[in-house]
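Colleague: Questions regarding the structure given below will be posed in turn.
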Amino acid sequence: MTTLTADAATPDAGDPADSPLVRAARGLAVPHTPVWFMRQAGRSLPEYLEVRDGVPMLEACRTPDLVVEITLQPVRRHGVDAAIFFSDIVVPLAAVGVDLDIVPGTGPVVAQPFRTRADLDRLPALAPDAVEDVAESTRRLVAGLGGTPLIGFAGAPFTLASYLVEGGPSRHHEHTKALMHGDPELWHDLCARLAQVSGTFLRIQAEAGASAVQLFDSWAGALSRADYRAFVQPHSAAALSAVADLGIPRIHFGVGTGELLTDMGAAGADVVGVDFRVSLADAAARLGPSYAVQGNLDPALLFAPWDVIEAEVARILAEGRAARGHVFNLGHGVLPATDPAVLTRVTELVHRLTEHPA
Ligand code: CP3
């Protein structure tokens with residue numbers, strides 16, 4: 001197994017810009033289908049629990065030594081084809097001064113929900129020097145990872161707005177939708193600010209050397225297509241456009257977004273993330289030849305017997321061939337109780353089933 005250290009004197013050779021992940025995102029030939037897992041860094045790994053012991057989540061995200069170590073853990077253990085920057089979608093909101101916490105077992109909780117125009121005063125623009133540590137962690141990671149690409153990420157305006165307006169995780173997003181329809185002008189002003197925060201957070205990571213970025217619009221699947229187009233897509237497009245000139249692949253993902261795939265692609269993505277509800281063959285047919293796809297093994301199936309997982313992986317790889325390019329991933333994040341040995345085995349299986357002789 002490849003061993004990586006944060007300050008590796010001889011990191012893996014190779015150019016991350018020519019890695020299987022970046023090539024698949026561009027629809028180019030690959031030596032094997034690249035694989036990484038959303039939430040690959042986190043509670044499924046004992047080495048993560050060990051270094052996080054006693055350190056609050058937001059503090060861990062702002063401590064470069066921890067960010068570098070936690071980001072590298074799943075790359076070392078599983079041999080995945082990409083690292084994802086260890087942080088959280090609410091880190092840039094906390095950095096501009098929003099009073100929030102990440103509560104274990106719950107998620108982000110905002111002290112005072114955003115509901116009125118006066119609340120916009122609590123959401124100033126993100127200046128790069130407010131997250132200088134993020135640039136530093138990124139640079140150190142890029143140096144340590146060598147040929148393995150680092151994926152930078154941000155939360156999309158709608159998903160961020162949902163946390164701000166609801167005050168925390170929400171099943172129905174009722175306050176968010178009430179604001180969207182009840183005061184569209186305030187909604188658009190809020191999302192324009194969030195697009196600036198999100199786009200700046202992506203750009204900081206990209207300029208510091210990330211090889212790709214992913215915009216997480218995790219909860220966009222709660223919207224009708226008409227609402228997505230009118231109230232959300234322009235702001236996600238603005239966030240993604242913040243890195244357009246850098247030429248790195250842009251991945252756009254949401255849960256339950258089968259009806260929104262083409263609109264999410266058109267927001268400015270090269271790769272559209274697909275959850276487990278839609279087959280990759282259907283996703284590719286909807287998206288057409290301009291987009292690669294990412295996904296989409298159901299994370300719950302990692303708890304099934306191995307022969308079930310093996311058949312699912314083979315099916316997903318076969319369906320992914322219909323797309324311009326395929327990045328293997330889960331349909332959503334790794335569940336905390338997942339046996340990490342299964343993730344390593346899935347990584348090896350994807351590689352073995354797709355390896356081309358040189
Ligand atoms: O490995 C990776 O994917 C990189 C790190 C990462 C985290 N959060 C770390 C994290 C990424 C990319 C995110 C994004 C994120 N955060 C999203 C979008 C992705 C998705 O899952 O849809 C969302 C919606 C959030 C908000 C959030 N933060 C939630 C829902 C939670 C989980 C709450 C819980 O305890 O179950 C968090 C906390 C969080 N972010 C954890 C991690 C590893 C768990 C914190 C812990 O270890 O206690």
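Glycine is no exception: its Cβ is also placed from the backbone N, Cα and C atoms.
Pulled the feature table from TrEMBL, pasting it below:
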DOMAIN    34-43  domain 'Uroporphyrinogen decarboxylase (URO-D)'
BINDING   ARG39, GLN40, ALA41, GLY42, ARG43, ASP88, TYR163, SER218, HIS332  substrate binding site
SITE      ASP88  site 'Transition state stabilizer'
DOMAIN    151-167  domain 'Uroporphyrinogen decarboxylase (URO-D)'
Colleague: Given the recorded positions ARG39, ALA41, ARG43, ASP88, TYR163, return the subset with CB under 6 A from an atom of ligand 1, ordered by sequence, or none if empty.
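Modeller: From ARG39, ALA41, ARG43, ASP88, TYR163, counting a Cβ under 6 Å from ligand 1 as near, the near ones are ARG39, ALA41, ARG43, ASP88.
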Colleague: Quickly jot the same-chain residues contacting the domain 'Uroporphyrinogen decarboxylase (URO-D)' (151-167) by Cβ under 8 Å, restricted to those at least six beyond its ends, or write none.
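Modeller: Answer is 21, 36, 82-85, 87, 89-90, 92-93, 98, 100, 107-110, 112-115, 123, 138, 173-176, 179, 187, 190-191, 194-195, 197-199, 201-202, 204-206, 210-220, 222-223, 231-232, 235-236, 238-239, 251-252, 254.
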Colleague: What parts of the chain pack near the domain 'Uroporphyrinogen decarboxylase (URO-D)' (34-43), using Cβ distances under 8 Å and only residues at least 6 beyond its ends?
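Modeller: That would be 19-21, 23-24, 49, 70-71, 73-74, 78, 80-84, 86, 151, 253, 327-330, 332-334, 336, 343, 346-347, 350-351.
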Colleague: Which whole-number value in Å describes the distance between the Cα atoms of ARG39 (substrate binding site) and ASP88 (site 'Transition state stabilizer')?
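Modeller: Checking the Cα atoms of ARG39 (substrate binding site) and ASP88 (site 'Transition state stabilizer') gives a distance of 10 Å.
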Colleague: Around the Cβ of ASP88 (site 'Transition state stabilizer'), how many other Cβ atoms lie within 10 Å? Please give the count over every shown protein chain.
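Modeller: Cβ-Cβ neighbours of ASP88 (site 'Transition state stabilizer') within 10 Å number 17.
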Colleague: Measuring Cα to Cα, how many Å separate ASP88 (site 'Transition state stabilizer') from HIS332 (substrate binding site)?
Modeller: 15
Colleague: Out of ALA41, ARG43, which of the binding-site residues has the smallest number of neighbouring Cβ atoms within 10 Å?
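Modeller: Looking at the binding-site residues ALA41, ARG43, the Cβ with the fewest others within 10 Å is that of ARG43.
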